[in-house]
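Have a look at the structure below before the remarks.
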């Protein structure tokens, strides 16, 4: 063997060793001071060495111990697809595909059906986040009639100040005329009481705020974990904002029909017989719960929440992160023929009123 060949072989061995060391977990953790900013829809996860927070690799992308796949989307690193045993390809767990407008998406696949939504298919279910801001502009003395307009060449609508009122536009932007609590005034809508020039100093916007709050919307899915929302200005700045809470009307594939008693057509509000942990994006509730759910009927009626409470639930993720989420808990359900339309994630949510909802520390 020549000297040149020996040097080449030695260089290749050094390269293999350095790559192997880069991908194993024997090296000390060396993480950046600030975690990376991940693209919309990409999870920030702990690498498989338990060292650093990294942006999860997505379906079809290369992966390794230091660049794990997005487990929140049920992706895993398949090392059998490449000859390099240190690098794999992110693949989806066996799951149902999603059909949206005749287009089939694989489980774990991300896509944008329009410029306004970023979606992901997860085992037959489609979840989407809006790409456009959902902020609400409150009328003010210098802008008494704000409204949204479509700008040519831009995807998202933008707020402008109009000179004349739009017919019911403020109410339709917030939640519809049947949901907004009307203000006791015939003047242009405003969230503030008058403040005189020589009034008391040190007041915050909340001191002069007339609280406006819509009802909670219906749960965005008829089974499994979903989202409910409302609009309110009950905050320190007296500015309208969208609040969300997670909700579960009933578990999927729960076979509630078996619980209907003989001679009855519905099971209205069944309760979980055993304690369960709620699952959200791969994270689990730290407590066990025995929640009530809405049941089913055999006469084409559907059962939906009627009386609910909202409480904080603590979740813990596999990488150790802990976070709190507001969640809807059902007290009673009603069964009726005014059923929500299924399978269209872009339809406006139903506006059936839920009564007696209040925050509760469970």
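Glycine is treated like the rest: Cβ placed from N, Cα and C.
Note that the structure is predicted; figures quoted are calculated from it, not measured.
Annotated signal peptide per TrEMBL: 1-22, in sequence order. Annotated domain 'IGFBP N-terminal' per TrEMBL: 21-93, in sequence order. Residues or ranges marked as domain 'VWFC' by TrEMBL: 96-162. Annotated domain 'CTCK' per TrEMBL: 266-340, in sequence order.
DSSP labels the residues of the domain 'IGFBP N-terminal' (21-93) in these numbers: 6 helix, 19 strand, 48 coil. Per-residue confidence over the domain 'CTCK' (266-340) averages 89 (mean pLDDT, predicted model).
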